[in-house]
Amino acid sequence: MRRHPQTATKHLFVSGGVASSLGKGLTASSLGQLLTARGLRVTMQKLDPYLNVDPGTMNPFQHGEVFVTEDGAETDLDVGHYERFLDRDLSGSANVTTGQVYSTVIAKERRGEYLGDTVQVIPHITDEIKRRIMAMAEPNADGRRPDVVITEIGGTVGDIESQPFLEAARQVRHDLGRENVFFLHVSLVPYLAPSGELKTKPTQHSVAALRSIGITPDALILRCDRDVPEALKNKIALMCDVDIDGIISTPDAPSIYDIPKVLHREELDAFVVRRLNLPFRDVDWTEWDDLLRRVHEPKETVRIALVGKYVELSDAYLSVIEAIRAGGFKHRAKVEISWVGSDDCQTDGGVASALGDVHGVLIPGGFGIRGIEGKISAISYARSRGLPVFGLCLGLQCIVIEAARSVGLTEANSAEFEPGTPDPVISTMADQEHIVSGQADLGGTMRLGAYPAVLESGSIVAEAYQSTKVSERHRHRYEVNNAYRDRIAESGLRFSGTSPDGHLVEFVEYPPEQHPFVVGTQAHPELKSRPTRPHPLFAAFVKAAIDYKEGELLPVEMPERVSNGAERRDQVGQSIPEPANRG
């Protein structure tokens, strides 16, 4: 009788060594895509060793974006990679942090569930980690179990914070049997230019550190800026005691969407299914090859300005970037991102310099007052020139503030930025007021996750979605103040989508006869975009940018309101010269 009967679900762990930011998440995502293309059901999970319960309150400059799942969990940005490569929605259980694990264990101790035991890292913390790992193998809503669970272990081998997670993974292999668990280790093979050599010692030491805690990797991903020669692969296989078929060279790829092809060329997917005795078929490249043609063979190029507060770290807008690029794939267009700090747009000269040669302006989400006037100035500049504008979350709120100021509410602002403003056109949501006032925790308390919306028939957004009923993910505490709807509408801005009860403004836009494309959404549609299924709003935005570039649109006439609300019309194009380089 087998001591470890084959399980219905196999587990594959991805760890990293030598250095951080080697691409463990993209490696895991790409392998997941390959196994999915072989007909297997795959789900993924990220284990994060930090003590935060979730990244929701972390500084974007430190952590990057917060990826919100359908069920409202604030998760690591790698979960976004998982969803995009697998083309499936994941839940909050796809991200486990040390903070979550310790919170659960301490709560159990307070309830007396450990019956007087001394609570320790082993077994109590590791058992809780194992419970969360094994929960990923449970049947989903349709009663089907995944064939493979891919679990990425954050951090680097040797970090103190990662040790409980690595120990838990080791125990999973012990509990389920070696034939049911696979360890993949991502390591750096640096190239020393002065000597012209690739060095294998860092990888050997990284694997030695992993083996010292009881884990022998089944395969190694060798990260390098060039291909690793066969002779060095053989040396690494010998010194690290890894099958030569499991030594995978992964030089830097032109695009992240090329990585599945790189891994397949090295036959990693075949090695995994053979080792885990998985049923499989040949890889179906139909959809992915079409994507790669769109990535590498664009028919045109457009420039989109991303006017944000955190542009020094592109990871703060990772899903936004991928969604814009996917919108370009839809139209066989390459999207070049022009990174614009919103602080740089606060003066007329600054905004003209930053946006003078772009074909579209995207205003992403964010928090806090810094840079807000620059975002509003960018919207005014774009409106006066027929330049397409797309606002996300805070971007919608800035569009509304700009519209309100244009009809005489010169002190219009958000309660977030100016609590004492006489015209709070953006107000705190009723169920968030006690949180904003400091009477409750900030973490995990925003309006989070998927919510439905009803769109106005014939609107730009309804035409883009090809539907009047949609659902999008959210992450916010503030909303359009309904007391100002009628006054704001005097600017021409339409409230083209609301919550089903009509209370919460979800989408705004200017009619095409007033401006070709100014659209804002309170949601974060970038979180649902896929490279093979671009989000319709991003596709529509990129199409508007293409039309702007091709049409060389003339400036539009805008009504200007003086402080008493009276209207004065100026032909903007007569007073402000056209940008010199639009193509």
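Including glycine, each Cβ sits where the backbone N, Cα and C put it.
Keep in mind the model is a prediction, meaning the values are calculated, not measured.
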S20, D159, I160, E161, K199, T200, K201, P202, T203, Q204 bind CTP according to Swiss-Prot; which of K46, K130, K233, K235 goes with them?
K235
Need one residue: from D78, D87, D89, the one Swiss-Prot lists with S21, L22, G23, K24, G25, L26 for ATP.
D78
Swiss-Prot records G366, L394, G395, L396, Q397, R477 as L-glutamine-binding residues. Which of E416, E418, E456 is assigned to the same site?
E416
Any idea of the Cα spread of the L-glutamine site, G366, L394, G395, L396, Q397, E416, R477, as a max distance in Å?
14
State the Cα to Cα distance, in Å, between L394 (L-glutamine binding site) and L22 (ATP binding site), rounded to an integer.
32
Spatially, which candidate from the binding-site residues G366, G395, L396, E416, R477 is nearest to L22 (ATP binding site), comparing Cα atoms?
G366
Can you figure out which of C393, L396, E416, R477, H524 (the recorded positions) comes closest in space to K24 (ATP binding site), comparing Cα atoms?
H524
Residue with minimal Cβ packing [other Cβ atoms within 10 Å] among the recorded positions R477, H524:
R477
Below 8 Å Cβ to Cβ and six or more residues apart, same chain only. Which residues does that give for G395 (L-glutamine binding site)?
L362, I363, P364, G365, K375, G520, T521
Which chain neighbours of the ATP site, leaving out S21, L22, G23, K24, G25, L26, D78, have a Cβ atom within 8 Å of the mean position of the site's Cβ atoms?
G16, T27, A28, E152, V186
